[in-house]
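K.L.:
Below is the structure I would like to discuss, written out as structure tokens.
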């Protein structure tokens, strides 16, 4: 029987999920996105050629894989068409490989307008969203006024629903935020223009995945963003609008949770965060600059500079709990090359001297904490591109071993570069 594997981020996103998903898709028949939208940025490097995907699953470059956008994903038709065009120009037969759930909520222009208007209105208290309409689209879904992909297939009904929801949002834009209204006719025309094209790719995702499971075909579920950005379990309110944790797989695809066999947590060898929000181990110093520069820490979606810091084991323990992580993939180990010492956060100290080893449940709880850091010797040797454990210096091996001890979870994969070949698979999630 084939295994069903989840690959998800354990930090604030940008852990290197895209590369690992691409690597593991060689052994899977289906790759499924189950949450988020085109706010994700998954970078693949294959034989030196770089591909950045925001919405389409990272298995799209494999000719033996069907890629699925599940119902938990908020879908922006314009972003999807842009990505499809880019891939087709590279010779990728997207229509043969991509399938979409009719139940995906649509992101439409007024969602983006609202997202941008809200961030601007927040001023210094801005959350740091991508401005791509993700949050407003999820709001419409929960409020039961959202439009879904399947609504496009009845033009008359879609027009009626669109008029109603746009009247509501345009009122907010013009009267509350003092912004321009979004044009109804143009929005309607653009949406209906691709209805037939999308319909050709729509399937009952729940039924398809269940049949695949019964046939023993391996399925890989590709998470977006990271655990610490989860709407319920992240550093609220500095979070995304979806469940980025393993629980989102079932709700965002219709796949039964008891059928998941392995959860692979992607963990960078240090930590980064894009946008606002608490970050106890942040390094605003020369070492932070080193990590940011050597790690090329700029967002694949927004281009924003990421905030670097030491690896936070307190937060990673929470990720292990929430996701029932089977094993970790440690990425960007090579970025630590050349540092005299490396540090790991093992606790949060409060002003009264008390030390916590679990994360607070909201952003406010982080305001007065300072990280308790454990220091380990660094290494001068080059680990970039290493493909076997024997090539790693002893200090790097000691660092890996210490992380396994602290997290009580094995590190099953080690990544030492952006290319799919620059990887050590110690334990294969599909084996």
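Heads up, the Cβ atoms here are built off N, Cα and C, so glycines get one too.
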K.L.:
Among 27, 225, which residue does Swiss-Prot name as a further IMP binder in the site formed by 14, 15, 16, 17, 39, 40, 41, 42, 130, 144, 240, 304?
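P.N.:
Between 27, 225, Swiss-Prot records just one in the IMP site with 14, 15, 16, 17, 39, 40, 41, 42, 130, 144, 240, 304, namely 225.
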K.L.:
Hey, what's the Cβ neighbour count for residue 305 (substrate binding site) at 10 Å?
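P.N.:
There are 12 such Cβ atoms around residue 305 (substrate binding site).
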K.L.:
Determine the Cβ neighbour count for residue 39 (IMP binding site): the number of other Cβ atoms within 10 Å of its Cβ.
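P.N.:
Around residue 39 (IMP binding site), other Cβ atoms within 10 Å: 29.
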K.L.:
Just to verify a number: CA distance, residue 303 (substrate binding site) to residue 43 (GTP binding site), in angstrom, no decimals.
P.N.:
13
K.L.:
Can you tell me which binding-site residues out of 305, 306, 333 are within 10 A of residue 14 (IMP binding site) by Cα, answering none if there aren't any?
P.N.:
306
